[in-house]
Structure formats: C-alpha cells, structure tokens
Amino acid sequence: MADKKPDEQFVGSGPKETKWQSFKGFVWNSETSQFMGRTAGSWAKITIFYVIFYTLLAGFFAGMLMIFYQTLDFKIPKWQNKDSLIGANPGLGFRPMPPEAQVDSTLIQFKHGIKGDWQYWVHSLTEFLEPYETLTSSGQEFTNCDFDKPPQEGKACNFNVELLGDHCTKENNFGYELGKPCVLIKLTDFGWRPEVYNSSAEVPEDMPADLKSYIKDIETGNKTHMNMVWLSCEGETANDKEKIGTITYTPFRGFPAYYYPYLNVPGYLTPVVALQFGSLQNGQAVNVECKAWANNISRDRQRRLGSVHFEIRMD
C-alpha cells in the first residue's frame, strides 16, 4: 500500500475550541463585532421595533378598557330583574350566617346559658346591625316613612333599629343566652317594585293558614297596612313543624312596600324582620323555610325562588 503524502498527514489536526471559548465567541465575536449573534445596528433595530410594538399594544388595551368603562354605571347594575342572574324575584337572606370556614353551611348551632357558646352569633348580628345604629335620619338623603307617607324622590326611608323591640337586641344577646334566639330576614333586589295583595281575596291558596288569618285581621283593622310584602316562616317538613315551636315577628309580619324599590340611594339600608324562636327543643335541629309573598314573587323550593332556608339547633 502506497504511503500517504506528508501534507495529508496534518489535515484537520488543528486544536479544537473548548466550550468556554465557544461561549465567549458567541457572546462577543471580535472578528465580526457581533454581540450574541447580532451587530449593534441589528440590536438597535429590533429594540426600536419591540418598543413601538408594545407601546401600541398597551395603547390599544388602554383604549379598549376606556371604552368598556364608558358602558358601566357604578350606581345602577347593567342587568336588572328578569335580565339578571337571579331573575325577576327579589332575594331573601338571613343573618347571622355561619363562619366563613363553613361557607356551604346554613346551620345556626349554639349552646345556650351563661356557659354557652353563643357569642359568635351575637357578635355577627351586632356587626350586621351596626350601620343601622350609627346612621341617623338627619342626612339629606333620608326621610321617616310610613304606610301613608312614602319617601320623596331621591330619598331613602330610614329603618329604625329600635323597631326590632326589646328582645332581639345586643343588650339581650339577641335571645341566644336565654335559649330564645333571634334570626333576621332581609329582602332586597335592585329596582324591584313589589305588587302587593290589595285584599285577602288575592292571596294564594298555598299561603300558610296563620298568615291568611293575619292578613284578614289587618284588612279589617287598618287597610293601609296591606301595603306589605308578607313573610311566612315555618318548619320545612311535618316533623320540623312540630319541633319549631312559636315564632314572633317584629316589627311587622313582612316588609313595608314603601322601602322599595332599592335604587342605590346613598346610605340605603334594607329593612329586616326579626324572628324570635321562643320554644325550641334542646338537641333538636329544625329546618326552617321562610317565604316572601306578593303578586310578583314566584316561589319554588327546588330553585329557592322567593324563599330562604336555614337550620337552627339549640343545645
């Protein structure tokens, strides 16, 4: 076999670059004056491009956001009544609510007596009613209303917390210490106007008999008090009806219609009805269902329309 030529023995035998040398060459190439693969002019062009691009993008976003905010009214909801998520029915709610850690619960459970654990519920109700106690009726937006004295336009009716009586007060621990707990029911929906029953003949067949009788007495005694969204609360099942005992409603057996509609008048506070359970049995949980009654309120237990549910247990 012929010997290789002397020059061929040294082809490709030069020293190889190390990884560090290769990296340094990428960062700065002195032969081409490139920094990380680009010349100074190339870096200037791409920097100017992205500055202009992101400036235009931010300006477009700001412009769209400004146009969007022009469509909003921070005092009036865009979707109301039947167009809203909750529909045309007003919402019923109750207080006190269970702790935030039990967000899915509707159970009010406590041990009454001096050594009881009722303090949380009393504190919760005290906090809820604090705005009612601190707000006076001397403001320009407020007026004292009555069944024959509706509010003036642009003003809200003042709800006097003293109407809740002597039993459902923080001084009396809202009845929890004595085993006669109070629960507050509220009814509200923006822009909703109640269509009340003008006579006892208009009430539905499924209205509880005791409320029907009460409305008849009101109609006979003082018909102006018919201007009311009525409220009924009772045990949800036959067994609950037996265990629930007596319920006292204050200040009314419902919500005076002159408090509605709610139109976001500054300082408006929704009216409440205080329920006092006077004869609960120890260790017995009771399912309570409250319903609101008016011509334009639909009631459906499955969808919780026109009603609110909670449980109460005293130990």
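Placement of Cβ uses the backbone N, Cα and C atoms for every residue, glycine included.
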Looking at Swiss-Prot, which of Cys145, Cys182 bridges to Cys168 via a disulfide? Cys182
Quick check for the class: what is the C-alpha distance, in angstrom and rounded, between Cys233 (disulfide bond) and Cys182 (disulfide bond)? 13
Can you check how the pLDDT averages out over the topological domain 'Extracellular' (69-315)? 88
For Cys145 (disulfide bond), nearby residues of its own chain (Cβ under 8 Å, 6 or more apart in sequence): Pro151, Cys157, Asn158, Pro256, Tyr258, Tyr259
Have a look at the recorded positions Asn198, Asn222, Cys290, Asn296 and say which one has the shortest Cα distance to Cys182 (disulfide bond). Cys290
